[in-house]
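Chemist: Just lifted these from TrEMBL, have a look:
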type	residues	note
BINDING	CYS116, CYS118, CYS126	Zn(2+) binding site
ACT_SITE	LYS192	active site, schiff-base intermediate with substrate
BINDING	ARG202, ARG214	5-aminolevulinate 1 binding site
BINDING	GLU230	Mg(2+) binding site
ACT_SITE	LYS245	active site, schiff-base intermediate with substrate
BINDING	SER271, TYR309	5-aminolevulinate 2 binding site
Amino acid sequence: MNRTRRLRRNPFIRDMVRETKLSLDDFIYPLFIVEGEDIKREISSMRGVYHFSIDKVLDEIKEIMDLGIKSIILFGIPNDKDSIGSEAYSSQGIIQRAIGEIKKKFPEIYIVTDVCMCEYTSHGHCGIVLDNGDVDNDKTLPYLGKIALSHAEAGADMVAPSDMMDGRVGYIRKILDENGFEMIPIMAYSAKYASAFYGPFREAAASAPQWGDRRSYQMDPANSNEAIREVMYDIEEGADIVMVKPALSYLDIIRRVKDNFRMPIAAYNVSGEYSMIKNAIENGIVGEEIIMEVLTSIKRAGADIIISYFAKDVAKSFK
Ligand SMILES: [Zn+2]
């Protein structure tokens, strides 16, 4: 008789045959940076996640490095917004200054930057908006190029365009190469869906669109073949890592991308996924072990890299 239970009898044998193991090497921890000093303010829709001023984020980075986390992704919330998001590419912008301060103190932390306009534009859209309200693809590309270049110049290790404009990976690759940053990789938010799971992030990043939604550039949650095309185009344009976002309702997409391309895949375990689980744990509805189960499912689906607000919880569970 086939007895699969033989290999489940005790923890030793279960550990030995476990197919998917999380490691801190898999994780990128997101950080939100605001203007000002001495600010560490909890984001009300994301318990345990904070807005940090640059001075305070240095303490946080010390803590996460002590926990064994090696990589962060930065999101900036500027004081001043305008229609073209000029603070996003200013050499004195919030992210550019933050990178400088972080690298001065912790040269070994790996810094990924989010390249987009929505946190910096007065209208909250991810690109240049025309008079008729459309987000113009090709007019947006030069701005994305400027943002990515300014991050590389400030000392970022990797840039991650999240805007979902067509052709942006190729455009950014060209700008980086022309300016001597041919070794800076691009992690493309390739299959980014127009998802309700981003709700808490929009409070965190103060980036909700002032009108309309993002369905003219982010993907329809119903589509899977289209995700394969998006990923294919980004790889053709020079993406080094491709991303699926969100993660949990899109595990099938992660698996299809893995099977089709054998590329390094990142999955973004987004704010709504985090807050739902966090709230359920805090209310005693589910146990804390759900965190590892969920993150393991993302890796099992095929993700090599997991961007998650749970990275610190994972690190603590390894201690
Ligand atoms: Zn955006």
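Glycine is no exception: its Cβ is also placed from the backbone N, Cα and C atoms.
What TrEMBL says about a protein is an automatic prediction, not a curated fact.
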Chemist: Just to be sure I understand: of CYS116, CYS126, GLU230, LYS245, SER271, TYR309, which recorded positions have a C-alpha no more than 10 angstroms from the C-alpha of ARG214 (5-aminolevulinate 1 binding site)?
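Modeler: Near ARG214 (5-aminolevulinate 1 binding site) by Cα: CYS126.
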Chemist: Within 10 Å of the Cβ of ARG214 (5-aminolevulinate 1 binding site), how many other Cβ atoms are there?
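Modeler: ARG214 (5-aminolevulinate 1 binding site): 21 neighbouring Cβ atoms within 10 Å.
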Chemist: Taking a cut-off of under 6 Å between Cβ and any atom of ligand 1, tell me which of the binding-site residues CYS116, CYS118, CYS126, SER271 pass.
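Modeler: If the test is a Cβ under 6 Å from any atom of ligand 1, the answer is CYS116, CYS118, CYS126.
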Chemist: Let's check the environment of CYS118 (Zn(2+) binding site): how many other CB atoms sit within 10 Å of its CB?
Modeler: 23
Chemist: What recorded positions among CYS116, CYS118, LYS192, ARG202, LYS245 are found with a C-alpha within 10 angstroms of that of SER271 (5-aminolevulinate 2 binding site)?
Modeler: ARG202
Chemist: Tell me the Cβ contacts of ARG202 (5-aminolevulinate 1 binding site) under 8 Å, same chain only and six or more apart in sequence, or just say none.
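Modeler: ALA208 - these are the non-local Cβ neighbours of ARG202 (5-aminolevulinate 1 binding site), listed in sequence order.
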Chemist: Rank aside, I only need the closest one: which of the recorded positions LYS192, LYS245, TYR309 has its C-alpha nearest to that of CYS118 (Zn(2+) binding site)?
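Modeler: Considering only the listed recorded positions, the nearest one is LYS192.
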Chemist: Once near-sequence residues are set aside, which residues in the chain of CYS116 (Zn(2+) binding site), 6 or more away, have Cβ atoms under 8 Å from its Cβ?
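Modeler: Within the chain, CYS116 (Zn(2+) binding site) has Cβ neighbours under 8 Å at ALA88, CYS126, LEU144, ILE147, PRO161, SER162, ASP163.
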Chemist: Does DSSP put ARG214 (5-aminolevulinate 1 binding site) in a helix, in a strand, or in coil?
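Modeler: It is coil.
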Chemist: For LYS245 (active site, schiff-base intermediate with substrate), which residues of its chain lie six or more apart in sequence with Cβ-Cβ distance below 8 Å?
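Modeler: Non-local contacts for LYS245 (active site, schiff-base intermediate with substrate): SER162, TYR189, ALA191, LYS192, TYR193, SER195, ALA267, TYR268, VAL270.
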Chemist: Give the helix, strand or coil assignment DSSP yields for CYS118 (Zn(2+) binding site).
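Modeler: For CYS118 (Zn(2+) binding site) - judged by DSSP and reduced to three states - the answer is coil.
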Chemist: Same chain, not part of CYS116, CYS118, CYS126: whose C-beta falls within 8 angstroms of the C-beta centre of the Zn(2+) site? Give them in sequence order.
Modeler: MET117, GLU119, THR121, HIS125, GLY127, SER162, ASP163, SER207
Chemist: Could you state the whole-number distance in Å separating the C-alpha atoms of TYR309 (5-aminolevulinate 2 binding site) and GLU230 (Mg(2+) binding site)?
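Modeler: TYR309 (5-aminolevulinate 2 binding site) and GLU230 (Mg(2+) binding site) have their Cα atoms 26 Å apart.
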Chemist: Within its own chain, what residues at least 6 apart in sequence put their Cβ under 8 Å from the Cβ of the residue listed as 'Mg(2+) binding site', listed in sequence order?
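Modeler: Non-local contacts for the residue listed as 'Mg(2+) binding site': SER190, ALA191, MET219.
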